[in-house]
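As recorded in TrEMBL:
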| type | residues | note |
| --- | --- | --- |
| TRANSMEM | 12-30 | transmembrane segment |
| TRANSMEM | 42-60 | transmembrane segment |
| TRANSMEM | 72-93 | transmembrane segment |
| TRANSMEM | 99-121 | transmembrane segment |
| TRANSMEM | 133-150 | transmembrane segment |
| TRANSMEM | 156-178 | transmembrane segment |
| TRANSMEM | 190-209 | transmembrane segment |
| TRANSMEM | 215-238 | transmembrane segment |
């Protein structure tokens, strides 16, 4: 059974790609913070929010790495998580303000859905490993909910503490109990980058359409696409071939 699950989870499923589309929108919402608040405080808020959101995105990547998303329960759970991520994304631009409460409660929903799906797999090793992680993730989500009711320095502190609490499990639990599929991780994050690059190109095209045709618009469009192409080159041509061996090495 374990071997079948691991082999089936070596390729990324279409529902995972759908999930990643929502996550890319979440990243886009994070960039809105920097656009609206182009100061160090805005960059700091964006970094904290991106870190806590990325933590749970990767948690779902681990989930689908352990089992193929081919069961009805897992598919429905992933769709429910997508809805929660989408609502969370809507709240992100004002997560340090009036949107903080929605952000916190949707984050808790994502945490609980993630744990429920892991528990539904019925794999004792993975389930025991998640039992060690869920209290930290839930505690982090509760701190984010509390952050929604406060403002000022307390908001920053609660976000930072929530992040530290959750990430600390990386040092205390590790991959024990998980049968990791290195190729799945590499492919999943590679496809996520493709979606993000594609969204960037679409944004460039839409933005260019709102400017008067001329040399400035042409140069800006060419440079924007060149930057996206350079990022693609760095990830897929220069660095991606190292991803699989590195993950395998870390697993050992």
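Backbone N, Cα and C atoms are what each Cβ position is placed from, and that goes for glycine too.
Any TrEMBL annotation is an automated prediction that lacks curation.
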In contact by Cβ distance (the transmembrane segment (215-238), the transmembrane segment (12-30); 3 or more pairs under 8 Å): no
Sequence-remote partners of the transmembrane segment (190-209) [C-beta within less than 8 Å, at least six residues beyond its ends]: 12, 17, 20-21, 23-25, 27-28, 217, 220-221, 224-225, 228, 231-232, 235-236, 240, 243
Positions on the same chain near the transmembrane segment (72-93), where near means CB under 8 A and six or more residues out: 15-16, 18-19, 22-23, 25-26, 28-30, 32-33, 36, 49, 53, 57, 60, 64, 99-100, 102-103, 106-107, 109-110, 113-114, 116-117, 120
